[in-house]
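Annotated features in TrEMBL:
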- 15: site 'Transition state stabilizer' (SITE)
- 22: site 'Transition state stabilizer' (SITE)
- 151: site 'Positions MEP for the nucleophilic attack' (SITE)
- 205: site 'Positions MEP for the nucleophilic attack' (SITE)
Ligand SMILES: Nc1ccn([C@@H]2O[C@H](COP(=O)(O)OP(=O)(O)OP(=O)(O)O)[C@@H](O)[C@H]2O)c(=O)n1
Ligand SMILES: C[C@](O)(CO)[C@H](O)COP(=O)(O)O
């Protein structure tokens, strides 16, 4: 089987509020994105790596690769205006049957074990996403009224989100809607049941400044 990793790095990082998009910020002296690519390059699956970056940041990325002597082979794909379109651009590039892991560039602490587990399960079941159970109590808030939910039924979804090529190709022919917050929601909308495997508490998404500080601490353990 052929394996691909689509690493989406086409966002602008508004919530991080830094001039440099968060995927390029230094984490332990190496840009976040290089940690992420390295995790996939170290996996047993040895996926072909497709890196999605906005056209205006591709020159900056090339300069970073020179500066850090970063030589892991990867194909650069143009980013889109939404994560959905960034993923779609990468899927459109793939022309062979394969299993595809889609991963946020800003989840640099993902382990090679989780990556390989995702590839193996998706090859067997068609799709699988990594998620962790909520350790906090959870509530909904609607019309100013809050209500408790059963936290045993609540999973916090991560990436990798891994799928057989044909499933992704079919799902990404749909028109974008704002309810598509991840790849699983896109695939579910065409009728597939999504499988969950245990993610990793360390596999945090760098979204706010505190997350970068946390990632630094986790890497130093
Ligand atoms: N048009 C987009 C938007 C997001 N992403 C990527 O999707 C991942 C998860 O998105 P998020 O954390 O929301 O990143 P940003 O969109 O950059 O952040 P923000 O929402 O705070 O602006 C990131 O690796 C981001 O680079 C992307 O490839 N293309
Ligand atoms: C894909 C994702 O990381 C799964 O948790 C998440 O949905 C991305 O959301 P964001 O708002 O684009 O960061």
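Each residue, glycine too, has its Cβ placed from N, Cα and C.
Where the annotation comes from TrEMBL, it is an automatic prediction and has not been curated.
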Rounded Cα separation (Å) that holds between residue 22 (site 'Transition state stabilizer') and residue 15 (site 'Transition state stabilizer'): 9
Rounded inter-Cα distance in Å - residue 151 (site 'Positions MEP for the nucleophilic attack'), residue 15 (site 'Transition state stabilizer'): 27
Pairwise Cα distance for residue 15 (site 'Transition state stabilizer')/residue 205 (site 'Positions MEP for the nucleophilic attack') [Å, integer]: 12
Site with most surrounding Cβ atoms, counting all protein chains shown within 10 Å, from the recorded sites 15, 22, 151: 22
Recorded sites close to ligand 2 - of 15, 22, 151, 205, only those whose C-beta is under 6 Å away: 205
Where residue 151 (site 'Positions MEP for the nucleophilic attack') sits in the secondary structure, as DSSP reduces it to three classes: helix
